[in-house]
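Let me begin by presenting the structure, written as structure tokens, before commenting on it.
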Amino acid sequence: MEITTLIKCSIYSIIKLVFIALMGFIASRCSGFDERMRGGWSKLIFTYFMPAIVFYQTATAIDEIKELKELWILPVACLIHGILQFFIPLIIGFILRISTLDNRVFSFTLGFANVMYIPMAIVEALTNETDELGNDAKNIAFSYICTYQLTFMITFFVLGYNYINFNVRDEQKLQQKEIEMKEIKVEKDDNELKNENIFQENNNNNENHQSQPNNIDNSMSVSNEHVHETNGATISNSERRNSLDDNYSTKQKSKQRCSSFTQPFINCYKLLKKIGYYISQPFIKIWMKLPEIIRFSIKNLFSIPTMAAILGVIFMLIKPVRDPLLVSGNWSIIGRCISYLGSCTVFCALFLLGGALSNGPRGGTISTWKIMIGIIARMVITPTICWVATYLLYKYEILPSNKVMYFVLQIESFAPPALNSLVVVNVCYPNGTNSTSTILFWSYMLAIISLTVDIIITMTTLDN
């Protein structure tokens with residue numbers, strides 16, 4: 001296959017994504033796609049679009065459970081890639097002395113790859129130009145990519161989501177400390193004001209005591225006038241009281257009629273509430289004895305994308321339920337609707353990325369040169385290690401002699417960071433949005449070169 005064709009395929013697949021990000025950039029400049037709108041956009045993606053694609057892709061990744069015996073290499077490779085991609089930037093962040101909160105954003109953004117959309121775009125562009133990978137290579141490669149991303153879905157939406165939420169926990173602690181300090185200052189100010197008021201009241205009492213004899217005559221005349229006014233007011237007040245008593249009696253009668261009907265239900269509700277209270281007490285005691293970090297992780301486990309990934313795994317394992325609802329059957333329209341809803345996730349994330357870069361690729365709270373070091377390590381050094389290891393395993397026939405699987409693994413080695421990380425950071429820790437946007441921008445600029453080189457070298461080593 002000619003090198004020019006390989007270069008064209010890789011560039012085409014990246015340009016598709018760059019174009020959508022460019023539209024988001026233009027919208028932020030010309031159409032009011034400001035920070036407030038981007039926050040709502042992120043919550044929309046995180047709540048609806050992302051869970052839909054996570055659930056559907058996880059549930060339909062494989063047709064039969066027995067296929068995992070043949071394709072177990074792909075989820076294991078995803079786990080190995082993820083460990084290297086996450087811990088190398090994390091260690092670099094410690095070496096460069098990036099603050100704890102920023103280092104979490106740094107390692108989270110670089111640590112999870114775009115395991116689906118970039119590889120799928122490359123496969124689609126390549127298979128449209130050549131049949132070097134064999135017949136029906138596109139569908140086979142897509143099934144391999146879906147199997148590969150099973151590990152990614154679990155690690156990203158369970159471990160990764162919990163990891164970035166540690167920033168939320170730390171910020172809440174800092175805010176709580178600030179609130180406590182403000183309350184202490186307010187109490188001190190209140191005490192000082194009380195002391196001043198007491199001092200002023202004592203002075204005023206002394207002055208009033210001296211002027212009291214002069215005001216006795218005036219107070220007597222005022223009290224006589226007040227007596228005449230109150231006599232007229234009592235007559236009108238008595239009439240009002242009589243009308244209020246009549247209204248109250250009618251309301252009480254209606255309440256008694258309603259209570260005779262609803263009282264059994266109220267008693268039943270109180271009984272159930274009391275039973276639930278006594279049953280839950282042992283669990284609450286156990287929960288409160290758990291370390292704070294474990295409680296925090298369990299709470300985040302029940303986020304919408306995480307639950308979507310768990311439900312996807314459950315549906316994948318229960319084939320008689322999955323196929324009629326999601327794959328084929330009278331109710332498969334449900335699966336198609338979920339797929340359509342989730343299909344716009346990557347485009348919305350790209351649009352959000354372009355909008356976040358409206359002021360240019362600034363580093364946010366992380367220095368640009370530190371970001372560049374992390375990107376080079378993540379996009380050049382780590383993928384090279386993974387590529388060489390995969391090539392040696394394929395050459396010495398430790399891996400199956402499957403061209404499509406080999407090609408997918410090599411493309412996944414050089415996959416740039418996941419665009420979904422921008423959505424998660426924007427929802428969970430908005431202060432890290434600028435840093436995440438800058439990391440993603442330069443990563444995808446470098447990915448145009450790195451993926452081009454990867455495709456050329458991989459295709460030339462297929463038959464070696």
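In case you wondered, yes, glycine gets a Cβ from its N, Cα and C as well.
Residues or ranges marked as coiled coil in TrEMBL: 167-194. What TrEMBL records for 201-215 is compositional bias 'Low complexity'. Annotated region 'Disordered' per TrEMBL: 201-251, in sequence order. Taken from TrEMBL, the feature transmembrane segment applies to 6-28, 40-59, 71-96, 105-122, 142-164, 298-318, 338-359, 371-394, 406-429, 441-462.
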Would you call the transmembrane segment (338-359) and the transmembrane segment (6-28) in contact, using three or more Cβ pairs under 8 Å, pairs 6 or more apart in sequence?
yes
Please work out which recorded stretch in 6-28, 40-59, 105-122 has the most C-beta pairs separated by under 8 angstroms from the transmembrane segment (371-394)?
105-122
Same-chain residues at least 6 beyond the ends of the transmembrane segment (142-164) whose Cβ lies under 8 Å from its Cβ atoms:
54, 57-58, 60-62, 67-68, 71, 74-79, 82, 104-105, 108, 111-113, 115-116, 119-120, 123, 296-297, 300-301, 303, 305-306, 308-309, 312-313, 404-405, 408-409, 412, 418, 420-421, 424-425, 428-429
Using Cβ atoms only, state whether the transmembrane segment (40-59) and the transmembrane segment (406-429) have three or more pairs under 8 Å that are 6 or more apart in sequence.
yes
Any contact between the transmembrane segment (6-28) and the transmembrane segment (406-429)? By contact I mean 3+ C-beta pairs closer than 8 Å, pairs at least 6 apart along the chain.
no
With the transmembrane segment (71-96) as the reference, find which of 105-122, 406-429, 441-462 contributes the most Cβ pairs under 8 Å.
105-122
